[in-house]
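To start, the structure itself, in structure tokens.
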């Protein structure tokens, strides 16, 4: 039922490490989904017009709905002297909090310009926290491109939260699901875990700033996302124990992920199987209609979100696709150990990027489907290659049993479209 | 520091990318941190280009800082030259690289690449996208134009003009170029070079061979045109051919400069007849608010007032570089010029003026939607739907046709809504159900207090007096019910006029009579 635990991890296939031009988003982009998740948090980027322009381009029409993020744009006169810069920041924060009194948690988000001029946002956060004590907690993390790639922005944000979680002094074991999931997915997982008899279960991040979970030596945590290396380390530093599992994509991944929790909480094996059986069967039925289109098709992932390895595993083991190259911005071997063994042995794993050379490989291999960013998708389509744009995989609900069919469909749809068009 | 959610313009290096992407044979090596490649998707997604922008980013990371970013830059430039073999290269820094002071100009010069290299100095913390585009185009023209080239004399040749300013990611630039090229062809004038859109560095070398220049988009080409005037003695046509009248003026100016007969080009748009036809009578005196880049805003105001019979009640632009032109235009219409890049200021102005139509950018489209005011887009920044598949210029006679249809369409929609609200008591058409093409908005729904329960109003139960949002006077139940009978798209104006009228007369309560007294007072 669950994939057998491997005797020896088979992830020592050679990995192609490249350096060169990287066609990736910076960590600021994480704000777009994080601010939707924590409903009384505000994200203030301290950066340049470029940062504001990026957020606007990434957020699309969302910027008009009185969103809970903004940019404090550094101007010429701020660059003149550091003291001035801090005063300016205080002024901006005061004005912001006066305008939005419902904000309980404010993140000062570092960017490339603020990091390069060494504006100390952690000190600013501490200073402002004192000033606004009792109403708003102020934290900081860096979403700069020089330090973070796309989803690593969430990792940096959650790691900053971990340092501020209350200590769990209850002495009783609890489970923490780590990673911002769409509410509908989170609710499904909470229902399943409750049926399994596992509890208490918390989510990080919680939906409200005041409801963040406590952490302690009795905390077990499951990563819902593969890009949370720093957060995992921060939780372990606070005594929590990570449950090692596949990531919850597809019927097998979700089963394995839930099974890790069941084992840690001593759930009876028969009860486990009975409880998850309906969801597991539904997931298998739901991906069945995409299998016909996807089986045997060759797929290449360009690096984007670190979801590439688990998704390639799902597509290979449950839908019969053949991964050609699986590129990832960073490879956390420790977190991906289970995933890596299940990838076909002839898969080329690459970490980092030299985009022009990687595109040469794509053109030479001509995979049936290339997963890539929006800057590359249309140009590759124009060369006759079918693409699936990667960002959608971060914004859509794709985890768990009941999203497995939708996840398969995301990959099947571009191929179906290619086949139906007669123009 | 400036607190910002939405920006009308990107940073200046995005302007430089618009020039590089518009041209062929130019490659831009941009010293920038990982992540700045986001700008590629403006071109591949919004403009739907099938090629990657010709930009190589050094994408340095934290671990590169303090040791080898300069070497990284040179490596990127060397690789880019080897791979893309450009005829000319642009090198420059984005906002972060500007701070680490690697000097792309000096580094590139030291490399002695076998093609012209134009070093860009774009101050990211002072300037913005249009300035960056303008400066980049100017530097390219200055570097690449062959100063020995001169027009070939008029012996039997058709006169030649350069068409300057269209770029990548420009609002309707693609079709404006087609329309103006066709129009000049009718006049017997050839295009020497269109630039930067579709031009190569070799084309820029031939700029001097034209008899005169046409500055299609001053935001992009004005600086370059001034340099060409000085260097080659070429005259510049500066009339924006947007609208029927402006196109006539443009043709007259071009014909005089080229020494040709304007008559063959004076075919006409449908706009004058469409505008004169009785169906358009209801457009008379419609209050319109205009905002965008200065060029499009000024041109739109003229079309709105002179060719559609609207009343311009507000005029503004976000690009400070052309503030003087906009102030002059605003003075012509007797309105206060609004020069700001803060969309909240624009929203305030629109809310205060309660226009019946907003002409603006993507941003004003959203503001108008929120305030339930009809709107049409006249200027960048725009989203993907304003890079249409169909032919839709803004310039020339076909452009005038497009303007008429685009601007009148949301108003016709308004009339349709009016017919629906006449049947408001039918349950299908309840006011609370909202307009068919607009998101429901509590603000404009009732008097100061959100959506109104029409059912109870129709049942003649008296709602309690409600004080207005602006605090001027209190509406009596009868007056409030009467206000609801006014179509939603003029209701905001009626409310504002009535409250102003009541305030001027110190009336504490707005009665049915006050409403109609105010109506009589404001009648036009």
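Each residue, glycine too, has its Cβ placed from N, Cα and C.
Whatever TrEMBL says is automated annotation, not expert-curated.
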B:454-475, B:476-497, B:498-519 - the range that TrEMBL marks as region 'Disordered': B:454-475
The one of B:36, B:279 whose CB sees the fewest other CB atoms within 10 Å, among these recorded positions: B:279
C-alpha spacing of residue B:36 ([4Fe-4S] cluster binding site) relative to residue B:279 (active site, proton donor), in angstrom: 51
Conformational class of residue B:279 (active site, proton donor) under the three-state DSSP mapping: helix
